[in-house]
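Here is the structure we will look at, set down as structure tokens.
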Amino acid sequence: MGAAAAEAPLRLPAAPPLAFCCYTSVLLLFAFSLPGSRASNQPPGGGGGSGGDCPGGKGKSINCSELNVRESDVRVCDESSCKYGGVCKEDGDGLKCACQFQCHTNYIPVCGSNGDTYQNECFLRRAACKHQKEITVIARGPCYSDNGSGSGEGEEEGSGAEVHRKHSKCGPCKYKAECDEDAENVGCVCNIDCSGYSFNPVCASDGSSYNNPCFVREASCIKQEQIDIRHLGHCTDTDDTSLLGKKDDGLQYRPDVKDASDQREDVYIGNHMPCPENLNGYCIHGKCEFIYSTQKASCRCESGYTGQHCEKTDFSILYVVPSRQKLTHVLIAAIIGAVQIAIIVAIVMCITRKCPKNNRGRRQKQNLGHFTSDTSSRMV
């Protein structure tokens, strides 16, 4: 019985019926002959050829090649689509309009035809190129006669008169302040949040000490006046003394806009200039700077020094307290570093433990070989 079963031929599975194969082939042919499958196999735009017709709606048809040309024309950068000083430059497979303006930071404000105040005329031209809209200079100086805040490169909000009526209830809100017209007492509101900044005390031009530079900006916004940072660290008793004196009328000279007759390029509000030669050596470990808006000199101390003349050593700079956001990154980096160190230590320990075992095994084998040779010689 076992031999007969072993010699029995293997039986292959029965072939599918002929009718099943015919039905399957018919269904496949019918599926490929549907209009949807034909449309999916054709290239976009229909026709399949370069000169085919594309449906144009309402029974009309247009040439697909003409449609492709029209679509490509939209992406062409030329003089009509890149005006006001723009230059067409290659950007990957296409062209884009680039506004390459190297504007200086001198504060020579101008009022644009869109009602925005720009830092200087170069920023105005750059805004016109960026938005591809004509913006002209309608007045030298800010758009407000009382020196509104102005934007370095603001958005278009209509004409200057419309902007003036829009903020007429609050007046000009400077130093990132916003007008709150819905409040009972309409005025400028400051929404500067300094909660996420670390402790880094500074001395400001108003003679007050602040926990960090963000609070200086907040105070400038609340008081609506220019407040600059003199130096790092707390203010001292001599920080309120003006080095260059005052004008003849006894009032501190705080110009808001550069005089047209003054042609010096380094005269602008809110920036620092090098100190005159008579103040050489004023800063011991730092750089002397003259604040034109306050007519006072200040020192920008080097790292590790503080004081009015940068004569004191600041040991607090060695202990930097990171902010909340940076603290999480520091913790993650510390954990990753600890894991890497642990892996390296584990690998080194495994290698150092494995090597002595191998040496011991080799020594035992050598000793065993000597022992067998000695015993064999004795037996002989």
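Each Cβ is built from the backbone N, Cα and C atoms, and glycine gets one as well.
What Swiss-Prot lists as compositional bias 'Polar residues' is 366-380.
Within 10 Å of the C-beta of CYS129 (disulfide bond) there are 21 other C-beta atoms, taking all protein chains into account. Per Swiss-Prot, the feature disulfide bond maps to CYS99-CYS129 (among others).
The annotation disulfide bond is assigned in Swiss-Prot to CYS103-CYS122 (among others) on the grounds of sequence analysis. Taking all protein chains in view, 17 other C-beta atoms sit within 10 angstroms of the C-beta of CYS122 (disulfide bond).
Within 10 Å of the C-beta of CYS143 (disulfide bond) we count 25 further C-beta atoms, all protein chains included. What Swiss-Prot records for CYS111-CYS143 (among others) is disulfide bond.
Feature annotation from Swiss-Prot assigns disulfide bond to CYS190-CYS221 (among others); the stated evidence is sequence analysis. Here the Cβ of CYS190 (disulfide bond) has 18 other Cβ atoms within 10 Å, regardless of which shown protein chain they belong to.
Residues or ranges marked as disulfide bond in Swiss-Prot: CYS194-CYS214 (among others). Spatially close to CYS214 (disulfide bond) yet at least six residues away along the chain are ILE192, CYS194, TYR197, judged by Cβ distances under 8 angstroms.
Just so you know, the Cβ of CYS203 (disulfide bond) picks up 23 other Cβ atoms within 10 Å once every protein chain is counted. Under the DSSP three-state reduction, CYS203 (disulfide bond) is assigned to strand. Sequence annotations record features per position, and here Swiss-Prot assigns disulfide bond to CYS203-CYS235 (among others).
Here Swiss-Prot flags CYS275-CYS288 (among others) as disulfide bond. CYS275 (disulfide bond) falls outside any helix or strand according to DSSP and counts as coil. A sphere of 10 angstroms centred on the C-beta of CYS275 (disulfide bond) encloses 19 other C-beta atoms.
Among the features that Swiss-Prot reports, disulfide bond is placed at CYS283-CYS299 (among others). DSSP assigns CYS299 (disulfide bond) to a strand segment in the three-state reduction.
Look at Swiss-Prot and you will find CYS301-CYS310 (among others) tagged as disulfide bond. Residue environment of CYS310 (disulfide bond) contains 24 other Cβ atoms, counted within 10 Å of its Cβ in all protein chains.
Taken from Swiss-Prot, the feature domain 'Kazal-like 1' applies to 98-145, supported by sequence analysis.
The domain 'Kazal-like 2' annotation in Swiss-Prot covers 189-237, and the record cites sequence analysis as its basis.
As annotated by Swiss-Prot, domain 'EGF-like' applies to 271-311.
Swiss-Prot lists 359-380 with the feature region 'Disordered'.
Taken from Swiss-Prot, the feature topological domain 'Extracellular' applies to 40-330, supported by sequence analysis.
Annotated topological domain 'Cytoplasmic' per Swiss-Prot: 352-380, in sequence order, evidence recorded as sequence analysis.
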Request  = For the domain 'Kazal-like 2' (189-237), would you mind checking the mean pLDDT of the predicted model?
outcome  = 84
Inquiry  = Measuring Cα to Cα, how far is CYS310 (disulfide bond) from CYS143 (disulfide bond) in Å?
reply    = 40
Query = Under a three-state reduction of DSSP output, how is CYS99 (disulfide bond) classified: helix, strand, or coil?
reply = coil
Inquiry  = Among all protein chains shown, how many Cβ atoms are found within 10 Å of the Cβ of CYS99 (disulfide bond), not counting that one?
reply    = 17
Request  = Compare the Cα of CYS103 (disulfide bond) against each of the disulfide-bonded residues CYS143, CYS190, CYS221, CYS301 and report the nearest.
outcome  = CYS143
Cβ-Cβ distance under 8 Å to CYS288 (disulfide bond), same chain, at least six residues away = PRO274, CYS275, LEU279, ASN280, TYR282, ALA297, SER298, CYS299, ARG300
Message = Helix, strand or coil by DSSP: which one applies to CYS129 (disulfide bond)?
response = helix
